[in-house]
Amino acid sequence: MNENPEPNATTPSNGKGNDEAVQRMPKIPIPTNYRNAAKYVRIAVEEKRNIQPLIEKDKHFRVGRTLVGRVLSNMPVIEALYKQLDLAEKEPRMNEWMARVLISELLFGSGRLVGNSLPVECIKRYEEQLRTALTDIEANKTAAGKVKGTNEIVCLVEPRFVRINTNLLNVEGAKRLLAEEQWILVEENFTDYRSFLERVKVLGDAEYMEDFHFPDMLVFPHSAKSFWARAQHLHDKFLLQNKACLLPTYLLKPPKKSVVLDMCAAPGLKTTHLACLMKNKGRIYAVEYDPNRYAVLCEYASAFGVIKTIQSDCLEVTEEQVPGVSYILLDPSCSGSGMLQRQMVPEPVDEDRLYKLAGLQYKLLSHAMNAFPNVRRIVYSTCSVHEVENEGVVQGILRHNGHFRLLDARKELGKEWLNVGSPEYPGIGERCLYAKTVDDLTIGMFAAVFERCPEGVQNEVYLAYEKQKHSYDLVAQKISRQKNDEGEQVSSKKRKNKHTDSSTVQEQDGTEKSGSKKRKKNM
């Protein structure tokens, strides 16, 4: 038996003077792969940056793509588990991104955690609870349904949408490549959108489908995310992009040889899709102000000769910089409330922030309508579910810009779509489109299509607002006249009273003088 055990966190030292200070064991380092994965996951989620180039340059993180891809592809479930077990409150010293990486490895990776560092040991203590909670979620979830845990956390699990890069590969070529990868195409015809969605919900792990609306979009089961995270050899031919993000580009539908302005272009997926729709012929001006996001945009755009990038505030871009622009895509900064992660764990609504965002969005849309005289068509889109950023902005812009009108987006799309805007905005809501997670299995998205009015024509919202303003002006004028009349009456009454008072004083003075004369005569 060892009579002198090594001191640890619970063993007092035998220092002089009966010192009972606790001597701690040396700190066990966290495995480098876990630390790097936590860093890149945070960059991808918090900063919304493209981390692929960063991982590729990191030669000491060879398993990076697999580790990070596994976390990101399972993020909705991981986030729900993290919130459900209340780890942020119970383990305040645990880095939240490290916790997500370790949960991912434990439940979706090898099933075991490497080393005995404090974060690893911490997550191991919750293993049984994590697995139980995961079983409950898996038992109740659908392809994009809602799952409620004990803390009423909503979990949204969506299919994996993949866009074909038609600049390099046509649809038939894409099918051949996928067949070589052992993917099975579901060759079924659907007469309506809802039946298509129901089939998507039950896709097998090796199945995929062509999208109901967009020919260059493919739909895979949620489990396919791990395949696409590691399919490095396919990344130039296929792009991971949510279906809802194709709504704005297909609604803009610029023909070949068009001149297009993408006002808030980064990261560049919509920009490159526009280039594909235009067969890489014409000109796309892609504008981005933020230096980091601009670098990502340039990387995406480099393979497309049609795209010219501009680092600038898009409110300062003029016709001289982008001559001949006839189509504009505006997908500005927004609250991002339609993103899956934010729907899964709803955040408190910050009304002040929403109104500030709506003000910026209005400015950008107004600039698009008035700074470029050749523009014929504008598509405005957000990944927000808040009306103040969507229908509210559209209503405001139509009221003050009579030379553009709002088109019916469903007619412009040309195929059945389930959700339109709010009936609280008559003449506007029913002409706008919403993509909704619970219906369309996508992120939340809003889209509106504007077209320049023919010469001499003004949109009906503008005319109604001007008529209303005119009626308000008439009422205001009437009220003003009434106030003036009342004021004149009061002034006239005051003058009359003053005149009466003056006459009375004069009469009194005359009477007094007459009496004085009589008194003098009698004397």
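Note: Cβ is positioned from N, Cα and C throughout, glycine not excepted.
According to TrEMBL, the protein carries these features:
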ACT_SITE  Cys383  active site, nucleophile
BINDING   Glu288, Asp313, Asp331  S-adenosyl-L-methionine binding site
COMPBIAS  1-16  compositional bias 'Polar residues'
DOMAIN    150-453  domain 'SAM-dependent MTase RsmB/NOP-type'
REGION    1-21  region 'Disordered'
REGION    477-523  region 'Disordered'
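Note: the S-adenosyl-L-methionine site is recorded as Glu288, Asp313, Asp331; in the same chain, Asp262, Met263, Cys264, Ala265, Ala266, Val287, Tyr289, Asp290, Cys314, Pro332 also have Cβ atoms within 8 Å of that site's Cβ centroid. Comparing Cα positions, the residue listed as 'active site, nucleophile' lies closest to Asp331 out of the binding-site residues Glu288, Asp313, Asp331. The binding-site residues Glu288, Asp313, Asp331 differ in how many other CB atoms lie within 10 Å of their CB, and the one with the most is Glu288.
Among the residues the record lists as binding S-adenosyl-L-methionine, namely Glu288, Asp313, Asp331, the two farthest apart have Cα atoms separated by 14 Å.
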